[in-house]
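The block underneath contains the structure these notes are about, expressed in structure tokens.
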């Protein structure tokens, strides 16, 4: 079953990424764009986990974990910047 | 081995002089003098060995593969010069003890003097031309220190700069000449070069090599037109002048002339350049010496003139002339050193050196006067003194040459004319200073100097007399052995007799005497004649020229380095195009033989995203935050690509670096304008698009061409040896901590230095802080939203766990100290963002710069530890252990090294980011009130 589910999910997540990027460039506000980037991080980790399932490797899970964590921190930084300008105060 | 000690002992003396300075002046002088005296004794002990073998060599191999050895060679010429350097050096030490006042730092003076002595001995004892050049440069530098000893005097500083520039430039020319010579003879070894004289003279590079070497010689020996530095070097304390301008510094050039005589002399070019330079210098120096009112100025120009005489003798190229030159080197050193010392005594006791004011000193210091008069007579060439003998030989040699054909008579005539001037200034030295009425308006009443200040003068004047009366006994053997070293073996017949009968040289001497007296007593006419010329001061012209050079350099720098990063980038990219274009046009097949990988949807999408996000970054470049978001997409896709194409280590690193970069940029963004105005003209944009397109095309082509070819790199070696040699299956990590551990050590050091540099740049920087965002909205009032604070706090232990995990397994699976360090740093930065600097400071009070130092130290010490096991630096060790419960595990020394990397990375990242963030905290009174 995986043999046909995986390509379909790959295609769907890829499409999601494209839509995310569309939202990122369209905006209109910076919060919209930030949200788009954060969703891109989430979708990327999904993509990597999918790839790990396809390759049956556990290493990819860690990469996904890191993307999730670092993506969160990146988003926090952008949000802090929007709110206060100065991210470390 | 004994040879090595000879230059080394004075070098130790320099240290001793500096250490014993507080013992008092006399003790410091004795302690300093002990080592050169020992060196002199060593030299003398080598003489019996020398007369048996002709030359002694001692070599210590340094880099044998490059033919670089520490090589010392001792022969007759080296003997002569070493004796002069050490002998007169010892006398100068004694003399300087009484010359320098209490205010002058004795230790510093002696240390410089000893350093200079080392350099001079290094020159005369070197058995390798490159080594000789090194010591040659060292004399330039140490003489700079000596001349500028009284650095509070502007003329001393200027004089020292002038001397350093002239002799330093000459030194560069000399280096070029030596390199050419080394290529011609295929060796820098002095023995080889001296043996291959014929080969050198016939080589087509000979003229270039000769002229370059002569440029070095002439600048050092103050030959016309490079002579102007010497009179200005007289701003030095008189002991320095006595040493540098009688026996050493200026004689270094002459020494090299003598040293390379067998290899270079004997051609027409040699004769023309060397003898004409010598003759002009002889005349110019003698003429200007008459015009100087300053006692030391007179002696300075007289030195120039005598150096010209010696150069002329070498230029004549006959064997007898070379012998005469060597003889005059000895004589000039003795009488000129004593004259300088006498001038120093007069200056010391009268407070002036102006010959228009110091008159009639005979009454005040008859003893010193008598000594100075004997030395001055030797300089004039009065019979029964040493100067007479060598001058007689010089006159005889000018008569012997026939280089100018029917015009050959001109050389003896000009030599006699120089003799006339030489007698005239010597008479002036005697008559003006010691007779000629009473002193005029002197600051002190002159009297005899301290007893021991006269001892060096007495010894030198005694030598002048002894050599003059009993030349064969006193100086004959030394002259023989030195001259035969210059000539490379066979010596011509010559006699050192005082009386050769009535002949032409004697007549020339008599003419010079009579003419000199005549010129002296009619010197007023000479002064009046000279007054018609505009006065020219070499030091001032030099300063002006230097200022102009500095201005020009500044303008060039402003033009080249105008601070525009775009411009630097443009220049570099243009260069890249220039270099890559020809190579790529030669490549005929773009696609290699390797088959393409199948295309899948996610890769295609990611590739598309990469391109579009890249374009987006450019398009939104004037809205900085959006450009930054686009850039994040680029980074994300690149990490995905790394993960997709089996480079998980790279993917993890790229991700962590990406976030750190974004945070850093955002910190900096706060201080920058939110929007960039449109600055570039359309033409410029067009140009930039063209260049960027071109570069992109070129790099893309290279990548494509590379990726479609089978590539055999050194990676196979690493793959094969990673487990067996480094004990890890993660090849990337094993390369970092083991195979290329030394590189990593260097990199973390650089990282630490960069972080410290940023820290220092930021310290005390006060920047403008905007009070609202780009659309004019005020900043939010809540500094640290509670939800963020709670979530991030709970994230910290998880993140630390991840980083420990990544660190520990790094040796075998993707991870390692660098990634773990970045993850830890990012997690901590999150706390800074969520809670603020003050909150963090109370909980995590670590000095990050110390952390960097610890990290680098741990890594370096891990490397050093392998020395304990007699292994090379950074050899790694690993073994497997078995513990109950834990099971089998591996321990490797590389882990400790990796720990150092980890600590450095954390320290450096936090030092930069936390400090950049901290800059605003103390400076925000407005928001603090809002809390």
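Glycine is no exception: its Cβ is also placed from the backbone N, Cα and C atoms.
Per TrEMBL, the listed range annotated as transmembrane segment is B:109-127 (candidates: B:109-127, B:128-146). Taken residue by residue, the domain 'Na+/H+ antiporter MnhB subunit-related protein' (B:787-910) breaks down under DSSP into 88 helix, 12 strand, 24 coil. Shown for the domain 'MrpA C-terminal/MbhD' (B:609-674): DSSP residue counts in helix, strand and coil, namely 54 helix, 1 strand, 11 coil. Against the domain 'NADH:quinone oxidoreductase/Mrp antiporter transmembrane' (B:126-400), the recorded stretches B:63-110, B:609-674, B:787-910 differ in Cβ pairs under 8 Å, and the greatest number is found for B:63-110. Note on the transmembrane segment (B:565-584): residues 688, 691, 694-695, 698, 701-702 of its chain, located 6 or more positions outside it, place their CB under 8 angstroms from a CB of the stretch. Residues 602-603, 606, 609-610, 613-614, 616-617, 651, 654-655, 658, 661-662, 665-666, 669, 674 of the same chain lie 6+ residues outside the transmembrane segment (B:625-645) yet bring a C-beta within less than 8 angstroms of a C-beta in it.
Across the domain 'Na+/H+ antiporter MnhB subunit-related protein' (B:787-910), the prediction's mean pLDDT works out to 86.
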